[in-house]
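What follows is one structure encoded as structure tokens, with my remarks underneath.
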Amino acid sequence: MAESSTQRENSFTCSVCLDLMKDPVAVPCGHTYCLGCIKGCWDQEDGKGIYSCPQCRQTFRPRPILSRNILIAEMVEEFRKTRIQTDVPAHCYAGPRDVECDVCTGRKLKAVKSCLECLVSYCETHFKVHNELFPGQHSVIDATCQLQERICSHHKKVFEIFCRTDQSCICYLCTMYEHKGHDTVTAAAERTHKQRQLGQTQRRFQQIIQEREKELQDLRKAVETLKSSAQTAVEDSERIFTEMICSIERRCSEVKELIRDQEKAEVSRAEDLLKLLEQEIAELKRRDAELEQLSHTEDHIHFLKNVLSIRDSPRSKDLPSMTFNQSFSFEAVKESVSGVKVQLDDIFRQEVVRISAAVTNIQIIQSLESDPELLVRRTNSKEMLPPNMSEVQAVFPEPATREEFSQCKLDIKTCKLSETHTHTHTHTHTHTQRAHTHAHTGIHSRA
């Protein structure tokens, strides 16, 4: 196989330059040369007017016109690629993001080590030569393109010491001049100290990640519960409303639309927060991975330079404090509709307002930053509704438009259905009290 490769190489070698032919051309006698080589030979014979083949010395007159032999050119190029792949594996050459060997000539090989004494990066072959010249005498690290950043710009010496006073890497001459009298230690000693701090910071990152992942899980569960409850409420409301007379069909669509709007609004709020939590977790994981990678580097200087830019404790995004309502239910809507079913159409207008209040009270995210006095007022409010229908119609006039209907949303805690209908329907009174209780049940998560 090697003999065959040598024969092919000889066939594609120009007899003038003794290298693989470039732009091969054939002269009339049949021999092939590089276009540049044969032109150079014949340019020297222009004075004679007689041109000859460098190999067989056959003469030509006038000067032959030369054309590039495409077939031979392709064969030479293919052989050139095969020879390159055989000589050096492609993965050994330095790529755009690799550190190049400073000793290689021509196409650079990938560097594997950098010497802090020579300030040179070496490929595997040249690093072996370096070790033979300086066996165990020089400090070497994994190949890096930032060797100059490890040299003191004032004294041109390698950074070996860390100044705790100025929190910077210095050379041994700096301790005698600019940093004289400062608190200084070796880079390795400071690395050990910073490594412990790094471990504490990393543990804080991991704790925050766990907390955020728990919040993410709780919020997702709350969203699914809300969707399920909303769907159930829609189905129950539709079933009840279809049993009513045609005069209340318009109210049925209003209630369904109200539930859907609230579901959409709450899910939209929750999904926005989900994205924020996912982004924060991803960022924390990314920074945690950087810390993990930094903690294992053998390069003290690289470690110290990068660890200074990392704060002692991670900062979470300014997300608002919150709690997640896990046990909400649209059951209040169903029971309110059941109560309305047995009512006369002349009192139905006020019931729609109360249904809307029950729907809008369903919320996934309960911010702890809300006005506490308002929450107390809502909880303790025991206001009674007007006792007769004329007063009810005065307080709750029938909305003429959808916008007016939306403006009629009241807090269900201050508008208890049980207190409104005690004088007319005892059965309805029981149902609406249960609706009020279910509408305000919630489990608070951590802020």
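For all residues, glycine too, the Cβ spot is worked out from N, Cα and C.
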Matching range for TrEMBL feature annotation, coiled coil, among 202-236, 307-341: 202-236
Segment-level pLDDT (mean, integer) for the domain 'B box-type' (147-187): 88
For the domain 'B box-type' (147-187), the number of residues DSSP places in helix, strand and coil: 8 helix, 11 strand, 22 coil
Secondary structure tally of the domain 'RING-type' (14-57) (DSSP, helix then strand then coil): 9 helix, 9 strand, 26 coil
